[in-house]
C-alpha cells in the first residue's frame, strides 16, 4: 500500500445523526433536557444511598455503582453531541475518538457486570433469605465489585490499544454520533482480523455470558417461588425484582438489536436510534425505574426533604 494512502488522520467527522437544520434547536433542547435529567436523577440516587444509613445494604451499594456508571456512560457521548450541534462542527480529534471509545467500552461493560451482580443479589435475597447477611457480606461485595472494575478497565484498554495500531486512510467520516469500535474498523485500511477476533471473543465473555447468568438467576428465583406455591412470594418477586428486570430488558434489548441482530439493509438511522436508546435513554430512565418502584428510595427522599423543611 502506498505511503499516500496511509496518510495519518488527525480527526474524524461524526455524521451519524442526520437532523434537518430546521429541527436542530428542537433536538438540541431535547438532548440537553435528557442529559441534565440523567445527571440529576443518578446523582440523587447516589446521594440518597450515601446519606441514608438504611440504604447501606448490598443491593443499594450495587445500585449506587450502577447510577455512577450510568452517569458516566451518558457523559461520554452527550456533551460532545451537544457541542457538535451547537457549533455545527462534527469533528473529533483522533486521540479524542479513541478516548471516547475506551470509556464507552469501559462503562458499557460495567453496566453489564453490575446488572449480573444485582441479579445474583436478588437470587440470594429471595432463595436464601436467612443466610443473606452472611453470603452478601461487605467483604464479598468488595470481592464482587473490584475484579469487575478491573476487568472492564483491562478489556477497554485492550480494544483501544488494538485500535490504535491500525492505519486509517482518506475516509474519516463516522456514520454514528460516537466513536463506535465496529464503525471505526470499517474505516481502517490495514488488517483488522485481530481486532475483529478479540471483539468476537470478548463480546461472548462480557456481553452474552452476563446476560445468560441473569437469565439463570431469575429462572432459579421463579422456580424457587413456584415450588412454594405462594402468592405472597410471587408478589415479592415483582416488588423486589421488577425494577431490575425492567432495566435488564431495556439495556440488553437495545444492545442485542444493535450488535447481535444488525439491520439487513444497513440502515444507519435505525442503528443510530437503537444506540441512542442504550447510551442515552436507558441511563436517563434507570433512576425513575428504581425510584418509582422502590419504597426505600422514595422513603429516603421524603425523609431528607422533610428534614430540610424542618431545618429551615
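From the backbone N, Cα and C atoms, a Cβ is placed for every residue, glycine too.
Looking at the stretches 26-50, 51-75, the one that TrEMBL records under the feature transmembrane segment is 26-50.
When the ranges 83-101, 102-120, 159-177 are checked against TrEMBL, the one recorded as transmembrane segment is 102-120. Within the same chain, the transmembrane segment (197-216) stays apart from the transmembrane segment (26-50): fewer than three Cβ pairs sit under 8 Å, each pair at least 6 residues apart.
Between the transmembrane segment (102-120) and the transmembrane segment (26-50), the number of CB pairs under 8 angstroms, six or more residues apart, is fewer than three, so the stretches are not in contact.
For the transmembrane segment (132-152), the residues of the chain that approach it from at least six positions outside its boundaries are 58, 61-62, 65, 105-107, 109-110, 113-114, 117, 120-121, 124-125, 206, judged by C-beta separation under 8 angstroms.
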